[in-house]
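Peer 1: From TrEMBL, for reference:
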type: DOMAIN; residues: 133-276; note: domain 'Fido'
type: ACT_SITE; residues: His218; note: active site
type: BINDING; residues: Asp222, Gly223, Asn224, Gly225, Arg226, Val227, Ser228, Arg229; note: ATP binding site
Amino acid sequence: MAQRRALLNEIYAPLKKFEEGSKEWYELFNSGKVWRDYYCPFEWRAKDYEYQEKNIHYLKEIDLLSTKSPIVKILQNMIVNFSHRSCAIEANTLELSESQEIWDRLNKSYNLNNLLKNEKFPPPSSISSSDKSEKEIIEDTPMENFCPWYNRKNMQQAGKFRTFVVQSYGDPFTVYPYDVEVPALMEEFMKFHDESKNIAIHPIMISCRLHASLAHIHPFYDGNGRVSRSIMAQYLICNGYLPAIFHQVKREDYINSLREIQRGKDASLLYDIVISDILSSYHAHNKL
């Protein structure tokens, strides 16, 4: 598509300063700086602070509700709903009742305590007696020894950064970085995550940006949306808030909010969705 090619040429124009294939060209390309500097996924902008000031009353209401709500009990009741909605927003057709049934069966059949009790772990001496470090032994052990399904294509990609170019289905104007850019961008993502506690931005808004930046890097073979929503949920829970479930959000509205963050460098739509969703969760559980 001509328009997408024109967009890619615009994004990666800085590479033209060097001869393609030269050392300098590869260094700049692999650094992830070209994609990062165009989309600025790790920067806080004036509009973020303006949004926070404009909507501070909603954020303070959530702060107050979080101190008065039995968060552990609420979270226990939200597990199935969170898992269901995180998949449903990606067009999974399972009903909530079916998700509940799956959870009940898994919880009954794969209790963590039972797994730990029945598993026969090798004695420590089997590793410590070797001249190699534990890391070397693990790296030298075929993955098939850890997972009998490893030879399946999707399992071979599990836990690794993607090694191929990906494009958003049906949206030529969302641009994910090239695979060679992913490792450097993930290093910056972790730095962005760790330094967020020093920013005068509400944790709910920070969680939105963490979700969006990881989703736009799209680092994995599959499951990028679910992983980024899980990281968002983990950040919220660790800061004392309920996670966003997106239970009253249309799929197209959610996707459009992510697109607007990349194209317009404006997270307001996603902030609106998440704040409204979390407020609804608190109010719903407090009525029970």
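Residue positions begin at 1 at the first shown residue.
Just so it is clear, glycine is given a Cβ too, placed from its N, Cα and C backbone atoms.
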Peer 1: Out of Asn224, Ser228, Arg229, point to the one nearest the residue listed as 'active site' in space (Cα versus Cα); all of them are binding-site residues in the record.
Peer 2: Asn224
Peer 1: With a 10 Å radius around each C-beta, find which of these recorded positions (His218, Arg226, Arg229) has the fewest other C-beta atoms nearby.
Peer 2: Arg226
Peer 1: Under the DSSP assignment, what numbers of helix, strand and coil residues are found in the domain 'Fido' (133-276)?
Peer 2: 88 helix, 2 strand, 54 coil
Peer 1: Note down the number of other Cβ atoms within 10 Å of the Cβ of Asn224 (ATP binding site), including every protein chain shown.
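Peer 2: Its Cβ shell of radius 10 Å holds 19 other Cβ atoms.
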Peer 1: Beyond the listed site residues Asp222, Gly223, Asn224, Gly225, Arg226, Val227, Ser228, Arg229, identify every same-chain residue whose Cβ lies within 8 Å of the center of their Cβ atoms for the ATP site.
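Peer 2: So the extra residues in range turn out to be Ala215, Phe220, Ser230.
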Peer 1: Given a 10 Å Cβ-Cβ cut-off, pick out the one of the binding-site residues Gly223, Gly225 that has the most other Cβ atoms nearby.
Peer 2: Gly225
Peer 1: So if I draw a 10 Å sphere around the Cβ of Ser228 (ATP binding site), how many other Cβ atoms end up inside it?
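Peer 2: So the Cβ neighbour count for Ser228 (ATP binding site) comes to 23.
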